[in-house]
Every structure is written in C-alpha cells, then in structure tokens.
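**Student:** Here you go, one structure.
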Amino acid sequence: MKFTRSLMTAALAAAVTASPIATPNSIVIDMDEQELSRIQETDAELRATVGTTANEFTSGGCRDVVLVYARGTGQDGNMGERPGPALANALKSALGDARVAAQGVSYSASLLGNLASGGAPANEATQMATLVGQVASKCPSSSIVIAGYSQGAALVHRAAEKLTAAARARVAAAVTFGDTQKKQDGGRVPTIDAAKTRIFCNDGDRVCEGTLIITSAHSDYTPSVAPAVSFIVSKV
C-alpha cells in the first residue's frame with residue numbers, strides 16, 4: 001500500500017493509491033506500511049544525549065563548536081528524530097560533549113513550507129539566519145556548523161543567503177541531508193564556500209532530483225552521519 005499526500009486539498013488529507021503520481025504543488029509519499037513501521041520503531045534508538053529538542057546555545061551559551069540544525073517536515077521538537085540527534089551526538093563523541101553545543105531551529109516545519117519559493121518560508125529562513133548571527137556575535141571563538149534535513153536543508157540554503165558577511169565568515173561547515181534544493185541550487189549551499197559544504201543524498205532519494213516525491217530512500221540518513229561528522233571535524 002502506498003500513501004499520497006496532496007497539499008492542494010483543503011484538509012491536506014491522505015489518499016491511498018497503488019501508483020502515486022507527482023503533480024505540481026504536491027508531496028507524494030511512496031513508501032509501504034512495513035517501511036513506515038520500521039522507521040517509527042527505530043527512532044527511539046537515535047536519541048541519546050541530544051534528543052528531539054536541543055537548546056544548548058540559547059540555554060547554555062557558547063562552546064567551541066555550535067551546531068545549528070533544522071529538522072525535516074513534521075518532525076518533533078527542534079531537532080527531529082533523524083538524523084539530527086544522531087549527528088549531534090556523534091559530533092559530541094568525536095570532539096567531546098563539553099565542546100559542542102547543539103541548537104535546533106524552532107521553525108514550523110510544515111508541509112506547506114515545502115511549497116514556498118526556495119523550498120522554505122522566507123520568514124523562517126530569516127529566523128535561522130538571525131540565530132546564526134546571534135551565535136557569531138556572542139561566541140567570537142566558536143566554530144559554527146549549519147545543518148539540516150529535507151525541508152530543513154532548504155532552510156539552510158535560504159538562511160545562508162540572508163547571513164551578514166560577518167556571520168557567513170564564521171560558518172566553518174554546512175551539511176545537508178536529503179536536500180530538496182540540491183538540484184535547484186546547483187549542488188551548493190548559496191554564499192557558502194564549496195569547500196565548507198557537504199550535501200548527502202541517498203541513491204533513489206528523489207527530492208534531491210528536484211521533486212517532492214518521498215520514497216524510502218529519503219527516510220533514513222543515519223548512515224551518512226559518520227562521514228558528515230568526519231567532514232565537520234576536519235573543518236572546525
């Protein structure tokens with residue numbers, strides 16, 4: 001059984017179809033029930049020191065590395081279930097818990113946000129850029145990492161465009177997973193040096209091809225966490 005969710009319906013209701021078809025202004029979830037169940041059952045395993053919500057910068061201040069992360073559509077908290085907590089915890093394991101502050105972006109992560117110009121609402125991109133700017137201003141010795149998954153990856157793109165030159169210069173690394181704007185932005189995060197950027201896209205993840213068709217390949221980027229952390233560590 002496959003699930004299709006169209007944003008053009010007033011109630012955003014789920015429709016069941018054996019052959020989901022992507023239409024303009026629609027998000028298609030092409031995944032069977034068994035795969036959806038597997039994802040739900042394993043989410044809890046990804047939550048350790050950092051869970052679905054992290055406010056270590058806003059509540060605790062500066063550390064050597066500040067990770068500013070945007071979750072995917074519909075995910076819980078401000079870090080989501082995956083791969084945000086796994087990324088933060090692996091980075092802490094690599095560098096030391098006391099050296100890394102994980103900070104989620106508290107944006108809406110709504111379905112409709114995917115249809116905004118650039119894949120994320122402009123006001124929420126401004127919100128993320130402001131947060132990064134606050135880190136840059138308050139933590140002059142910290143390395144800043146910006147990261148996101150799915151719609152959160154789009155938010156990274158749009159927020160990067162809104163950073164001041166001073167804040168942009170402080171970004172040590174930009175990492176995205178299941179990036180809905182990879183194709184549209186030419187495989188780069190705008191305004192961020194390509195050498196500081198890594199975009200992770202699973203084989204078969206069609207959102208990386210410029211569509212909003214959600215397949216099982218989009219569901220789990222945990223295997224990309226280790227190479228992402230290796231990249232980040234090399235930059236901070």
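Yeah, the Cβs are placed from backbone N, Cα and C, and that goes for glycine too.
These numbers come from a predicted model, not from an experiment.
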**Student:** Going by the disulfide annotation in TrEMBL, which one of Cys139, Cys208 is bonded to Cys201?
**Tutor:** Cys208
**Student:** List every residue in the same chain as Cys62 (disulfide bond), at least 6 positions away in sequence, whose Cβ is under 8 Å from its Cβ.
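**Tutor:** When sequence neighbours closer than 6 are ignored, Cys62 (disulfide bond) has Ala101, Val135, Lys138, Cys139, Ser141, Ser142 within Cβ distance under 8 Å.
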**Student:** Find, among the disulfide-bonded residues listed as Cys139, Cys201, the one whose Cβ has the highest number of other Cβ atoms within 10 Å in the structure shown.
**Tutor:** Cys201
**Student:** Using all protein chains in view, find how many other C-beta atoms are within 10 Å of the C-beta of Ser150 (active site, nucleophile).
**Tutor:** 29
**Student:** Expressed to the nearest Å, what is the distance separating Asp205 (active site) and His218 (active site, proton donor/acceptor) at their Cα atoms?
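**Tutor:** That comes out at 5 Å between the alpha carbons.
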**Student:** Identify, in sequence order, the residues in the chain of Cys208 (disulfide bond) that are 6 or more apart from it along the sequence and have a CB within less than 8 Å of its CB; answer 'none' if there are none.
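**Tutor:** Spatial neighbours, sequence-distant, of Cys208 (disulfide bond): Gly178, Asp179, Thr180, Lys182, Lys183, Ile199, Cys201, Asn202.
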